[in-house]
Amino acid sequence: MCTNQLEAAFASSYLQKLNRDKPLIHCMTNDVVQNFTANILLAIGAIPAMVIAKEETADFVHIADSVLINLGTITQWSSKSMLIAAQAAMVTQTPWVLDPVAVGNALTFRSNIAKQLLRFKPAVIRCNASEILALADKTSIGKGPDSQDSTDAALNVAKTIALQYQTVVAMTGKTDYITDGYTTYVIDGGDIALTKVTGVGCALSAVVAAMIGCNTNHLLAAASSCLMMKKAGELADKHHGLGTFAISLLDQLSLMNAARLLEQ
Ligand SMILES: Nc1ncnc2c1ncn2[C@@H]1O[C@H](COP(=O)(O)OP(=O)(O)OP(=O)(O)O)[C@@H](O)[C@H]1O
Ligand SMILES: Cc1ncsc1CCO
Ligand SMILES: [Mg+2]
């Protein structure tokens, strides 16, 4: 096992490719973050499409560059669409991201759906520490969509899940860990304000979907996404309240480039 710092130059080359390719991202996400997610994808140069009807999802997976499945406000009805989309993505080998929002938490319906979705081989699981512990049937202390567990404590479980499902786990928190079970990238920094605006983690999952939609190294694509979000959080305006911070975060993502990624 080795642990690495991600080179900012790497992340910036991945971002440049994203800007050139303009990948189409099929988003199946929660009701809280639809608009924020779509704007963040546009800000980094991707094209979002929120397609959820079960009559449409399989067809749209065929034309999308990647798929995002986020369980935040899952219902019986949307879960069916998600399972159809994930199966279609596995068949067409379209890379997809699972964001298992709030699994555990005594929420057995979504926890069962998350387990079913895992059979369809997500390229990346983007989650917080409580969520990865819950996916592994370990005790977790999530508070709804928020984690009360530390990523340091959950790292071994993240590695085990990555190996078990042959995927990449991008686990965020004070320290982000991005691992395929063999190689782990560690990203510190960011800002606590990132946790005070709803849906930053959900939007980060969409950024990961965009990055894997045009970069085949899913580990580096996910790590680059996490670095970008931490850096944008550092650079965003924190002096005028959280409303301004949310907009400033969007601004910083739209302005992100190699020089900004390298800023201390
Ligand atoms: N204590 C912290 N200090 C600095 N940055 C943090 C901290 N906690 C989380 N972050 C950053 O906030 C962003 C969102 O990660 P977080 O772990 O809060 O996602 P999440 O719990 O899935 O969020 P949500 O489901 O509400 O969208 C990431 O960029 C992460 O690095
Ligand atoms: C607040 C909230 N509830 C379900 S999803 C969501 C957005 C943050 O995950
Ligand atoms: Mg989340």
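Placement of Cβ uses the backbone N, Cα and C atoms for every residue, glycine included.
What TrEMBL lists as substrate binding site is MET50, GLY199. The C-beta environment of GLY199 (substrate binding site), restricted to residues of the same chain at least 6 apart in sequence and closer than 8 Å, consists of ASN30, VAL32, VAL33, PHE36, THR37. Secondary structure from DSSP puts GLY199 (substrate binding site) in coil.
A strand conformation is recorded for ARG126 (ATP binding site) in the three-state DSSP classification. TrEMBL lists ARG126, THR172 with the feature ATP binding site.
Around the Cβ of THR172 (ATP binding site), the same chain contributes ARG126, CYS127, ASN128, THR151, GLY201, LEU204, CYS226, MET229, each under 8 angstroms and 6 or more positions distant in sequence. Secondary structure at MET50 (substrate binding site), taken from DSSP and collapsed to helix, strand or coil, is strand.
Candidate binding-site residues: MET50, THR172, GLY199. Those with a Cβ under 6 Å from ligand 1, in sequence order, are THR172, GLY199. Long-range C-beta contacts of MET50 (substrate binding site), restricted to its own chain and to partners at least six residues apart, with a cutoff below 8 Å, comprise CYS27, MET28, THR29, GLN34, ALA38. Only GLY199, in sequence order, out of the binding-site residues MET50, ARG126, THR172, GLY199 have a CB under 6 Å from ligand 2.
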